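Some notes on the structure that comes next.
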Amino acid sequence: MDTARTLYKINSSSPGSEAAGEAAAALASAALVFETVDSNYSSKLLSHAKSLFEFADQYRGSYQASCPFYCSYSGYQDELLWAAAWLYKATGENKYISYVISNQDWSQAVNEFSWDNKFAGAQALLASEFYKGKNDLGKFKKDVESFICALMPGSSSQQIEPTPGGLLFTRDSSNIQYVTTAITVLFHYSKTLTQAQVGSIQCGSTKFTVSQIQNFSKSQVDYILGNNPMKMSYMVGYGNKYPTQLHHRGSSLPSIKSKPEKIDCNGGYSYYNSDQPNPNVHTGAIVGGPDSSDEFSDERSDYSHAEPTTYINAAFIGPVAALIGLNSN
């Protein structure tokens, strides 16, 4: 591939608190993973996470002004709260709790959790600390429960309507991204409630038990993996029926082993416009998913539904891990 791969950077004069804050959160969470198996590496990750957070907070600003694609629409405050929440989990240092308390007015009641909007994730992390005795974090508990109430079918404050087949439907472009992220929060918070010996949450006049939240979340995983009106798994290579015409360059072009000749951009269009299945099966990739009527056309040009993304797959790991944990218990 000889397409230009332009690199961008942020600095004190051209800040990007979203990017730096998200990187800090990622490194802090990774430090937790490696803490017991490679303490030196974990410490290195944590050191960089702290530096990135300090940079993101000291030079507050959005990368929106110079962003070519995947621009930020929700601002940078969500990433700063998200990073501080992860840094508290990784370090136990009270200065990060003080930070989120001082800036708790940033927290908003939302109905999506996405690569752009991290509020619900930060709220879920901080609500778990509320149940451990950090009483000043009550706003985050309130906000994450508002998020859950906006999703649960039958809630008096439901905002996200499911498809006829039962899939949460936030918007038409790569909708499954909002499903995998949402149920990550739902599974996490149901675990928080279980550990705190709190059996339910109240959504207006409706009460939802931990089991109801978990069962609804499981139904979303089941839908993605094939229990839906199309009888199609939206994970490539899983089940008997799955998408075959992914909107994905590497999957839609032949292997270099079968066609060693160079394929330039113009030459690639013959494969893009083909009505045949992709020559490379992108095993494990999850596509954007069906439309609001549960229909899926499996056409390569339909990028809103047929394109796999890292932010769909990444958020699917948590729910699957949660289900494995529930089954093992």
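Numbers run from 1 along the shown chain.
Placed from the backbone N, Cα and C atoms, the Cβ positions cover glycine too.
Because TrEMBL annotations are produced automatically, they should be read as predictions rather than curated entries.
TrEMBL has this to say about the protein:
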ACT_SITE  H247  active site
ACT_SITE  D298  active site
ACT_SITE  E307  active site
DOMAIN    1-318  domain 'Glycoside hydrolase family 9'
REGION    274-301  region 'Disordered'
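Mapped onto this structure are the features recorded in TrEMBL.
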residue: H247; record: active site; DSSP (3 states): coil
residue: D298; record: active site; DSSP (3 states): coil
residue: E307; record: active site; DSSP (3 states): coil
- request: Measure from the CA atom of D298 (active site) to the CA atom of E307 (active site) and give the result in Å, rounded to a whole number.
  value: 10
Field: Neighbourhood of H247 (active site) by C-beta distance under 8 A, where only residues 6 or more apart in the same chain count
entry: V287, R300, S301, D302, Y303, A306, E307, P308
Message: Taking 10 A as the limit, how many CB atoms besides its own sit near the CB of E307 (active site)?
response: 18
- prompt: Near D298 (active site), which residues of its chain come within a Cβ-Cβ distance under 8 Å, counting only those 6 or more away in sequence?
  reply: P243, T244, Q245, A306
Message: Limited to the domain 'Glycoside hydrolase family 9' (1-318), I'd like the whole-number average of pLDDT.
response: 95
